[in-house]
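Have a look at the structure below, then the notes.
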Amino acid sequence: MAQNGNGDNGLDESTDHDHKLGQKGGGTQLKEEEVSVERMFQHLLVPSWRNQLTFRAFVVSFALSILFSFIVMKLNLTTGIIPSLNVSAGLLGFFFVKTWTKFLEKSGMLRQPFTRQENTVIQTCVVASSGIAFSGGFGSYLFGMSEEIAKQSTDTSDYKNPKLGWIIGFLFVVSFLGLFSVVPLRKIMVIDFKLTYPSGTATAHLINSFHTPRGAKLAKKQVKTLGKFFSFSFLWGFFQWFYTATDQCGFQAFPSLGLKAYDNKFFFDFSAIYVGVGMICPYIINISVLLGGIISWGIMWPLIKTKEGQWYETGLGESNLHGIQGYRVFIAIALILGDGLYNFVKVLTHTLWGLYHQIREKQRENVLPVADQDSPSNSRLSYDDHRRTQLFLKDQIPTWFAIGGYVAVAAISTATLPHIFHQLKWYYIIVIYLIAPTLAFCNAYGCGLTDWSLASTYGKLAIFTIGAWAGASHGGVLAGLAACGVMMNIVATASDLMQDFKTGYLTLASPRAMFVSQIIGTTMGCVVSPCVFWIFYKAFPDLGRSTSEYPAPYAIIYRNMAILGVQGFGSLPKNCLLLCYIFFGSAVLINLIKDFLGKKGRFVPLPMAMAIPFYIGPYFAIDMCVGSLILYVWERINKEKADAFAPAVASGLICGDGIWTLPASILALAGVKPPICMKFLSRATNQKVDTFLGN
């Protein structure tokens, strides 16, 4: 999901992973053109757009959307690092429907064969649905409104606790606008400007390969591998649960690097999900996260603790924002904002420069791109391009329908949102909706050029602008967070839809089928994601606390961004603002060096990834680096096999551990606690051993 593949999918905005995936996808596209993919499929009839939308496709999509929503939600509420799950969605969708059709074929009941277009519909629906688990803000702006997070911030008066009813209503009125805003631009982006959309291209290549005889055979082996590691990961989570009867016990609290390191959150917590994430994420992301943990918890926080009584009052505790926690949170915010602002300016400049050249080139040809205009015939088009363009333009989505849909949903949303958030005035919403289509276009166009979705960066801009406009006396904190949600949903869904249009273009899936699938997937997500969050919210009473199994690190960060936008910097501890300036500047400088070095810049760490452990600690980075090490050794031994099966192994580890949270949550809701508490080498145990040996 351009959250992966879906844009905001890892590092809060999983841009760097998507960019890496995109580079792979771009390379395979050239290979695909050389062998003429469409000639391999020319003997097959392309089903009509209605026949691409099958009942079985949406049954499978619904089941997978629940699975993937649990995975994304768990990652949201633990670290915020969400890898691209597009490959897993395409692979599992292929497996389930292929199994379904084989069973029907043997029984003589098969009426419609499984096609790559139907596979694309499933992948689109699943990614759209699970994408709401990220853009819905359950680990960031939405949960940042709660009383639990407010208690941990400097402003405890302005909060709104989660309720299933208003969350579902909020998502329904904001999640569809982005889809309508870019529909008229689909032809311009995909055909006229020929934007790459690397993640969409890579996903299309994967789906096309599944439906060739050789690809189907490999896919079967990949799914078998995924199933094995899914079972292992699920059973490992079940086994670990038995030993976690109280806090700070079990395998996840094993001081594998020693007690002193454990106190500073350096330990391996035996989490299969983060080992899997480490195998999917590029090496530089995992190294950056570990480096950030070493700089913060290994060097900075121990040094700042020696200044207790000078830089901040003594006895404030670990979670007080006027003490050590203030440095952890606000320095992390400075790194995130520095990295986000740099990349926002960079991608926006790239977008405007690229758009200028595209329009200038069209003017020279005396053809300006128009949404509903047929493309001029071009004898230079390859067979594949000609076939794809012909079918892509066949099922048009009327521009009047898109504009009318946007206006209608915007009107309903403007009337509804002030009843959900009274701090968010109707005129704030109108201003957002007037500028949102432009920002959605910029995000979708930039994503097509670079594979970078900056949805959460646009959301942060809304936090500061609307929060400052509302002011402290008129609920600026909640107004800013709610505005963030509105903006983030619009620009995220816009880039996701355009990625899917590119995938559909390359697999001959109808744009109408893509649009309907995205609508149905978004509708599923607006119900499934809040229900999944509600399970976590009710099952884990300490959700959102820094000591919890689910600390939701971005919730406190987003809330404090809103407070900064409204109140300014007056409440920060001594020298914290200076350190924030230094780290903000460092993030910009690191990005400049990274871009200046060109290809060598891939070895430069990423500030966004470095910021994550500043608040929650580096324990998960060790798990991710273990995943990287496994992949590295595997590639050295057999690179071809690693390339083919590593995504399946990683997906299995992520899916198994992610889905284990469902029975774990149900057990917690039922009041069933694990039977054993296994405290490994705790200080109390060590003292008893020392006393015994001393005697």
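Numbers run from 1 along the shown chain.
The backbone N, Cα and C atoms fix where each Cβ goes, and this holds for glycine too.
TrEMBL labels come from automatic prediction, so no person has curated them.
Not measured: the values here are computed from a predicted model.
Annotation source TrEMBL lists region 'Disordered' at 1-29.
Marked as transmembrane segment by TrEMBL: 53-75 (among others).
Per TrEMBL, the feature transmembrane segment maps to 81-100 (among others).
Annotation source TrEMBL lists transmembrane segment at 121-144 (among others).
What TrEMBL lists as transmembrane segment is 164-185 (among others).
Taken from TrEMBL, the feature transmembrane segment covers 226-243 (among others). Same-chain residues lying 6+ beyond the ends of the transmembrane segment (226-243) with a Cβ under 8 Å from its Cβ atoms: 88, 91-92, 249-252, 270, 272-273, 276, 648-649, 651-657, 659-661, 663-664, 667, 674-678.
Summarising the annotation, TrEMBL assigns transmembrane segment to 272-304 (among others).
Residues of the same chain lying 6 or more positions beyond the ends of the transmembrane segment (397-417) and with a Cβ under 8 Å from any Cβ of it are 169-170, 173-174, 176-177, 180-181, 183-184, 186, 371-372, 424, 426, 429-430, 433, 437, 482, 486, 511-512, 515. TrEMBL lists 397-417 (among others) with the feature transmembrane segment.
Annotation source TrEMBL lists transmembrane segment at 426-446 (among others). Residues 7, 177-178, 181-182, 185, 189, 193, 195, 347-348, 350-351, 354-355, 406, 410, 413-415, 417-418, 452-455, 458, 462, 466, 469-470, 479, 483, 486-487, 490-492, 494-495, 497-498 of the same chain sit 6 or more residues outside the transmembrane segment (426-446) yet have a Cβ under 8 Å from a Cβ within it.
Feature annotation from TrEMBL assigns transmembrane segment to 466-492 (among others).
Look at TrEMBL and you will find 513-537 (among others) tagged as transmembrane segment. Remote same-chain partners of the transmembrane segment (513-537), defined as residues 6 or more beyond its termini with a Cβ less than 8 Å from a stretch Cβ, comprise 49-50, 52-53, 58, 61-62, 65-66, 69-70, 73-74, 77, 117, 120-121, 124-133, 136, 138, 162, 164, 167-168, 171-172, 175-176, 179, 183, 395, 397, 493, 496-497, 500-501, 503-504, 543, 550, 661-662, 665-666, 669.
Sequence annotations record features per position, and here TrEMBL assigns transmembrane segment to 576-593 (among others). For the transmembrane segment (576-593), the residues of the chain that approach it from at least six positions outside its boundaries are 326-327, 330-331, 333-335, 337-339, 341-343, 346, 569, 601, 604-607, judged by C-beta separation under 8 angstroms.
The transmembrane segment annotation in TrEMBL covers 613-634 (among others). Residues 78-79, 81, 264-271, 274-281, 283, 285-287, 289-290, 292-294, 296-298, 328-329, 331-332, 335, 546, 551, 553, 556-557, 641-642, 646, 650 of the same chain, all 6+ positions outside the transmembrane segment (613-634), place their C-beta atoms under 8 angstroms from a C-beta of that stretch.
When each of the listed stretches 121-144, 272-304, 466-492 is scored by C-beta pairs under 8 angstroms to the transmembrane segment (164-185), 466-492 comes out highest.
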